[in-house]
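First the structure, in the form of structure tokens, and then the observations on it.
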Amino acid sequence: MSSGYCAGSVIPIIETVVRLSRECRSRPRRWLEKARAATVADWSKSELTGGCIRCSAGLLKLLKELRVEAKIVLLPGDGIGPEIVAVAEKCLGAVADQFGHQFHLQSALIGGIAIDQTGTALPDETLEVCKAADAVLLGAVGGPKWDDPTASVRPEQGLLKIRKEMGLYANLRPIRTYESLLDASPLKNEIVRGTDILFFRELTGGIYFGNSGQREENGEELVFNEMAYRPSEIERIVRLAGEAARKRREKVTSVDKANVLEVSRLWRRVAASVMKEEFSDVEYDVVLVDAMAMHLLSRPRDFDVVVTGNLFGDILTDEASMLTGSLGLLPSASIGSDGPGLYEPIHGSAPDIAGKGIANPLATLLAVAMLLRHSLALETEATAIENAVDGVLEAGHRTADLARGGPSIGTQEMGQLVIDALSR
Ligand SMILES: NC(=O)C1=CN([C@@H]2O[C@H](COP(=O)(O)OP(=O)(O)OC[C@H]3O[C@@H](n4cnc5c(N)ncnc54)[C@H](O)[C@@H]3O)[C@@H](O)[C@H]2O)C=CC1
Ligand SMILES: CC(C)CC(=O)C(=O)O
Ligand SMILES: [Mg+2]
């Protein structure tokens, strides 16, 4: 880095790098990347004034070209999981080759396959390697083989546990329609065109994590699941939603069921307070979840950032997938305050098409793009994947879920087209 550059330019960079390397001691593989992002940002804010223009420009270029070394854990899981993660693995390899990065990929067990091999849906070893990684990519878990309602262990428990144990409280689910796919949606073009919503689904609280149990009452079995939230759990996700809205169209919609549920009244009170006190510049409204299910299909363009609880977010985003044309198109990022993020398509293991080689791999490839952007700060690489997906769809290639009975291609073929488009 030093040769040919004057000290005035080099010193601020070295200082930034050293400071960040100290701050990031717990995550040694990330510090250089953080240093790069911070220094580039500092520079663009003209905070580093010591360097001459030639050296500053040269060093900035150098920093942008730094190679990244990262450890990524792959959790293929069940059903179509292994098929779509195989495509993602190939794509990560292509990105590494093209941009000169080194991604150390390691696979681990989760879900039904983990139950079969170890008796538990999330082996300790899996959790350990995931916590030690820079990022995690998941396929999907579950399937009829493990669906016995009396079973004591279920694949889905593995997913809930990894989210909780890794502190991944925010699930970002972008819903964006593609001009080339408007006809794939069962809704009218004029309704879905231009939809661009970012859901923030709370991921480690609510009814999926509340107390549950059963008892006998009046001679009859009674089973319950409790939906509970603490103010702190609501505050942090609403804060993330507010911050995201500032970088988008500056609007947050909070979705609840406050006309019926006590827990939703807490949600509404806390969300309103965070928005008023910290984001008074951002437009804010609230919608009841049942009405939201309808508004999403009648006026989706009116929404920018939507923040909601675990259960409502799960259901509304599967519904919203129909705006884009297929569940097979939607990626997600699960993030916490610190540590690695977990990236996955929003769909499940699709047992009805598993093993047929026809699953749409685009949601998973777009999840790879989110991984590169959010966990590795590789914006250019993330955008390259998103542009490649756009290009392949614009060229008319369709997997069966998007083909509406017309000609279609398989999982691997679709994946390869995206990978080929990356280098163009
Ligand atoms: N994150 C996860 O691992 C999730 C797991 N599940 C589990 O998945 C299993 C199946 O659940 P379902 O209710 O059937 O939901 P699902 O999301 O697996 O499938 C719903 C429908 O969408 C289709 N589909 C889903 N992904 C697709 C893709 N990439 N390409 C083409 N078509 C696709 C399926 O073929 C099916 O017709 C269950 O065991 C469930 O618990 C469900 C949701 C999330
Ligand atoms: C535990 C999962 C199966 C819940 C779900 O459907 C999801 O996260 O999308
Ligand atoms: Mg779901």
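Placement of Cβ uses the backbone N, Cα and C atoms for every residue, glycine included.
TrEMBL does not curate its annotations; it predicts them automatically.
Here TrEMBL flags 143-156, 348-360 as NAD(+) binding site. Residues or ranges marked as Mg(2+) binding site in TrEMBL: ASP290, ASP314, ASP318. Annotation comment: TrEMBL describes 71-418 as domain 'Isopropylmalate dehydrogenase-like'. Per TrEMBL, the feature site 'Important for catalysis' maps to TYR208, LYS257.
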Number of Cβ atoms other than its own within 10 Å, given for ASP147 (NAD(+) binding site)
12
Contacting recorded positions, sequence order - ALA151, PRO155, LYS257, ASP314, ALA354, ILE358 vs ligand 2, Cβ under 6 Å
ASP314
Using a 6 Å cut-off on Cβ distance, which of the recorded positions TYR208, ASP290, ASP314, ILE358 come close to any atom of ligand 3?
ASP314
If one looks at the chain holding ASP290 (Mg(2+) binding site), which residues at least 6 apart in sequence have a CB under 8 angstroms from its CB?
LYS257
Please report the three-state DSSP label of ALA354 (NAD(+) binding site).
coil
In Å, rounded, how far does the Cα of ALA151 (NAD(+) binding site) sit from the Cα of ASP318 (Mg(2+) binding site)?
26
Let me spell it out: for each of the binding-site residues (ASP314, ASP318), count the other Cβ atoms within 10 Å of that residue's Cβ, using every protein chain shown. Which one has the most?
ASP314
Students should find that the Cβ of ILE358 (NAD(+) binding site) has, within 10 Å, a number of other Cβ atoms equal to 21
Of the recorded positions listed here (GLY143, PRO155, TYR208, ILE358), which is spatially closest to ASP314 (Mg(2+) binding site) when Cα positions are compared?
TYR208
Cβ within 8 Å of the Mg(2+) site's Cβ centroid: which residues qualify beyond ASP290, ASP314, ASP318?
VAL289, ALA293, LEU311, PHE312, GLY313, ILE315, LEU316, THR317, GLU319
Checking proximity to ligand 1 here: which recorded positions out of GLY143, ALA151, TYR208, ASP314, ALA350 have their Cβ closer than 6 Å to it?
GLY143, ALA350
Rounded to a whole number of Å, the separation of the Cα atoms of ALA354 (NAD(+) binding site) and TYR208 (site 'Important for catalysis') comes to 26
Say we define neighbours as other CB atoms within 10 Å of the CB. Which of the binding-site residues GLY143, PRO155 has the fewest?
GLY143
